[in-house]
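Peer 1: Grabbed the feature section from TrEMBL, which reads as follows:
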type: REGION; residues: 98-124; note: region 'Disordered'
type: ACT_SITE; residues: GLU214; note: active site, proton donor
type: ACT_SITE; residues: ASP358; note: active site
type: DISULFID; residues: CYS429-CYS472; note: disulfide bond
type: ACT_SITE; residues: GLU486; note: active site, proton donor
type: ACT_SITE; residues: GLU527; note: active site
type: BINDING; residues: SER614; note: Ca(2+) binding site
Amino acid sequence: MSSRYLPYSKKDVHYDNAKFRHRSCFKVITQSLHTSNIKQDCVSCSTGKLLVLLMILGIACLILTRTSPAQSVDGLGKDIRDTGEGKVTVFGGSRLGKLLRRPPRLPPRLPPEDSKSGLSLNSESKWKARQESVKKAFVHAWLGYKKYAMGYDELMPLSQKGVDGLGGLGATVVDALDTAMIMGADEIVSEAGTWVETHLTSRISQKGQVNLFETTIRVLGGLLSAYHLSSVEAGTNSTSGGPKATIYLETAKNLADRLLSAFTSSPTSIPFSDVVLHDSSAHPAPGGLSSTSEVSTLQLEFNYLSTLSGDPKYSIAAMKVLEHLKGLPKEEGLVPIYINPHTGEFSGQNIRLGSRGDSYYEYLLKVWLQKGANRDGNLTYLHDMYEVAMKGVRHLLVRKSIPNGLVFVGELPYGPKGDFSPKMDHLVCFLSGTLALGATKGLTKEKAMKENLLNFEDLENFKLAEDLAKTCFEMYSVTSTGLAPEIAYFHTEEYSEGDLDGGNQNSEYVNDIIIKHADRHNLLRPETVESLFVLYRITEDPKYREWGWQIFEAFEKYTRVDSGGYSSLDDVTTVPPHKRDKMETFFLGETLKYLYLLFGDSSVIPLDKFVFNSEAHPIPIEGAIKKE
């Protein structure tokens, strides 16, 4: 078969493409003559042949005499000649010489934001200033708490008093402690650390009922993270003040020993949900059921405590839960949101990634990541369960809104055979960051692609991560305040409700997102900024920072209380919004921490060396950091 029938002939292979390879003036002219009609017209007569020959000789002379060995051209088009008495700069030259002189080949100048780092000096300064604004917000929140609620679980900033809603262990103190360490807020570290040393041990031994899950992720996780950050240099700002690091570890062990009763009191591997601290007893929640997310969101903390203490009992108890869940029936990897600790079986058919279901999927991945170099051993099943579940999410739960196609994750209240609900909790916005983290294992996407680490499933998950991040951000920008509601519904072909938009008529997606009156509150939640932080670290795309800044500005504008602290809101669709008089502990422990890290250097708490527990307390990956 002749080459002319192939898509590329030999001639095509050797073609000198001007877009990609430089060609000399001589080659340009001769090739033009060779391929144009002028060649045919000129060479047909003797006069034409003579003219062509003279032209070629003239060009050759110009090229040969244009630059001598003792002559060079600088970047300004000046001839620099060595006359023997020193170098002389000659401006100009003949017009033909100027015309034919090849300009210097300078590298393309990209706008500062298009450079590989994504940052110019100005933008570096801008993000440092914005990061400092977040730190000031954290200090303002802490000062309000310290003034009106020190030692209580949470601040009521409008009433200017404290409230114990989490068992009375001073949850805000412990939740905020590692955030202060990361920010280098030494005075707050000293105040919070001193309170832990002085008061927390006695609180643990005297207090009554606490929730196993909430106490583990907030207090136990916070103590373990504070221990690591105060005992090991891990890329954070230097901190001073507070007790010795061992105080945090000993307090964590004291607390965990009492929390273990939730496991030992249960007849199955599924722990009871409530623990009475002062007598180390436990019992199930009213109704007898435990949340699937709660029993499966204990392992990072208990594993790390076993590593630090050298006592495997903490890890053994917590890991039995996941080992038990591995053998239970699932729907394409998805599980109901309730489980019975008496039977060890799931209860009901409600499947969702919002409340009571969310962090089960998060910890499947993160517990596997936590094991570092050992993750390919007996814990491979966790990653397998995660991958199957994410495939199930894409197949059963992911839909697009109308008219503009926002990707969202809905619910199956009655299982896969029941009707689909286009309802998405703000809590579901954690999934975007988890999907991105699962795809690259904490590496940047660029590095993961170069090393061929992303398979088809990873790319599918990563695309979903980016789409969900967009949707979660639009849940903020669609409202009058620029803050997201606790729950949103999405307009689909099967579901629509009128006059329930977010209030911002300038939003492109005002008709895609439906916000019911009972769902319009905002609790200062962190899930969206958490995912923006992870996606920025992995993609290095500055849009995630810009989205985070818009959210932070809305928090500042509508939730800040001048006397100290920040408040949840009743209705994000009206301006000014009515405040709820509650500052959740996770605003200091998660929301402001993730914003601070989003605007800062990616070497601080890097994603390939730490996993964040469900309360944003960083826990080191085994083997990634030098031992304590």
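Glycine residues also receive a Cβ, built from the backbone N, Cα and C atoms like all the rest.
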Peer 1: Measuring CA to CA, name the entry from the recorded positions GLU214, ASP358, GLU486, GLU527, SER614 that ends up nearest CYS472 (disulfide bond).
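Peer 2: Its closest listed neighbour, by Cα, is GLU527.
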Peer 1: Out of the recorded positions GLU214, ASP358, CYS429, GLU486, give me the one sitting nearest to GLU527 (active site) by CA distance.
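Peer 2: Out of the listed candidates, the nearest Cα belongs to CYS429.
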Peer 1: Under 8 Å Cβ to Cβ from CYS429 (disulfide bond), same chain, six or more residues apart: give me those in sequence order, or none if nothing qualifies.
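Peer 2: Spatial neighbours, sequence-distant, of CYS429 (disulfide bond): LEU468, ALA469, CYS472, MET475, GLU527, THR528, GLU530, SER531.
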Peer 1: Around the Cβ of GLU527 (active site), how many other Cβ atoms lie within 10 Å? Please give the count over every shown protein chain.
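Peer 2: For GLU527 (active site), the 10 Å Cβ neighbour count is 23.
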Peer 1: Could you tally the C-beta atoms, other than its own, that fall within 10 angstroms of the C-beta of CYS472 (disulfide bond)?
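Peer 2: A count of 29.
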Peer 1: Round to a whole number and give the Cα-to-Cα distance in Å for the pair GLU214 (active site, proton donor) and ASP358 (active site).
Peer 2: 14
Peer 1: Roughly how many Å separate the Cα of the residue listed as 'Ca(2+) binding site' from that of GLU486 (active site, proton donor), to the nearest whole number?
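Peer 2: Cα to Cα, the residue listed as 'Ca(2+) binding site' and GLU486 (active site, proton donor) are separated by 18 Å.
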Peer 1: Sort out for me which one of GLU214, ASP358, GLU486 has the most neighbouring CB atoms within 10 A, since those are the active-site residues we care about.
Peer 2: ASP358
Peer 1: In angstrom units, rounded to an integer, how far apart are the Cα atoms of GLU486 (active site, proton donor) and ASP358 (active site)?
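Peer 2: That comes out at 14 Å between the alpha carbons.
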